[in-house]
């Protein structure tokens, strides 16, 4: 007990109060004459209660026995600065935040069985004000639908400026959207992680994104290892994250990993949307304990929480209770009993303070007309004014935001800058584009390599399709029937390459929310993601192309020798490239996998219809000819036709073979020769049984393949692929503005 009592000595510090730049609250500057007060004293104040003393005894016992799963102190990253300047405080303040949305409602009129639609305005935030400082955890509490997540989004600049009224300031200065993206992090309620990466790999890739390239690899690894210890993930460091089909880490560990990837660069402000949701009490306590360490390192932590336990309440510094978008209490947990006592509803001695407050708020919300909640809101405003008046006159330190951020960077926080003396105080991105591409590609390959069954299924589909085509069209001859069979083979083969690419659709749909989370705070550029996505997909489609080409070319008996095979392979590769790019673009537009598959199948069917196989170009109606030139199947189909029939000396119809595709094919051979002589006499041309009547060039003319050469068709197919990649980029650019309207 002597150690516990020693944690609460008489005051030996001179405290100088001053007004924060926002004028919304108070802060103390401490001049140290002796050692700084211990964390327990900073948390509980100078006069601890008996319960706090007993809790401190428990903490001492846990420290002495090594029990309790306590996490190490949060470590700032050493960026190699020469000197460490003094810590300059941060104050995040918000005033008069108001946000409304329009909702549509349909009213039915019973008499006439008709309906009318009208819109009404629903206020989600109504004049919310408050503040929090570095070193503190501010928790936003309230029932479901009270506006907790909306307030977190408003503070994190996830609501459009034209829709949100009020001001959000840091150290008295308005927060620029670009600056806030870099100095803050937002942890969503859902754990959005790659399932086949281990905990250590997930954090290491996050470090590669968020920490500057000039930082050595050893320092990045040291940062990751320190973070693993801080998050209490040492035993799970080598375990994969897992998903529904793969066993991985527990729910609490997943949540801590989600927090870890957003604090790897030690942000100044950390926003969290219900980080304890869905966790058991022990896991939830460990998560908030980690957040306390982060706050004590000099960060501002703002989180929403549904109903904290007694242990979690002891870790929180500020509470903000909401009811239907209005503030019903704002202050420290220690002030809750006094607040409700003055309101006339004192908290029972043995009752959890937050549970009592939330139950009372629900009770007042359920009162007729909501008058009870209104009275609590008005009482809170009066109580806040009285509290501010009692604080007395405070001093404004006049510290600029730029100075505060520069000092934090010099002390190792916000490790996205190369150095404290960088020309750009806070760069938009920590790394150049080529570095981002390399890290994105490595992460995607690592995740895919641990799920080989996905590529195996795709390869199996290509091999089976190629085998069926090879055996079905085995060694085609040069007869008129062989020509028709070649045309059918080419049309089916080219369309198959596009249909096989449909498996690329769920790739981005599964990664969409991970991408949105990472780009929301400038982990990497959108262009880096598009380029790395293309680079990672290319080796797979190249392997599929060579497999399909080798399976079918010689088995079918196509013309051209080795040079013909190379061109055939290039066309197959270009088809896979264009198809993969097209499906990737659609994945950036459609929201659901099933809807995407429906659209892909329908559009590819239209492409095949207008490719020129079923109806030649000169027979397509003028009002549909534009679709013929937009068909992705048209260009590779015409390219392989020209590769097969380009030899002017190769004959495909000789003498009596001219009758093969007509009802006269059933006539005896002697009768066919007699007819051929009669035709020769009528035309005045000598046509024998061996006379060549149709060459490869004639077939190309018959099929309407005359407007582009084979190399031009190949180039156009490749260009289609690049075109859809550009469209994919713009789809990401327009679709990733994850702000409420």
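Note that Cβ sites are derived from N, Cα and C of the backbone, with glycine treated the same way.
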Per TrEMBL, the range holding transmembrane segment, considering 422-448, 530-556, 638-664 | 530-556
Looking at the ranges 400-421, 488-509, which is given as transmembrane segment in TrEMBL?
-> 488-509
Contact set, same chain, for the transmembrane segment (595-615): CB under 8 Å, 6 or more residues outside the stretch | 487-488, 490-491, 494-495, 498-499, 502, 505-506, 509, 583, 586-587, 624, 627-628, 630-634, 637-638, 703-705
Using Cβ atoms only, state whether the transmembrane segment (714-735) and the transmembrane segment (455-476) have three or more pairs under 8 Å that are 6 or more apart in sequence.
-> no
Remote residues contacting the transmembrane segment (530-556) - C-beta distance under 8 A, at least 6 residues beyond either end | 433, 436-438, 440-441, 444-445, 448, 455, 458-459, 462-463, 465-467, 469-471, 473-476, 486, 489, 493, 497, 500-501, 504, 508, 564-565, 568-569, 572-573, 576-577, 580-581, 584, 725, 728-729, 732
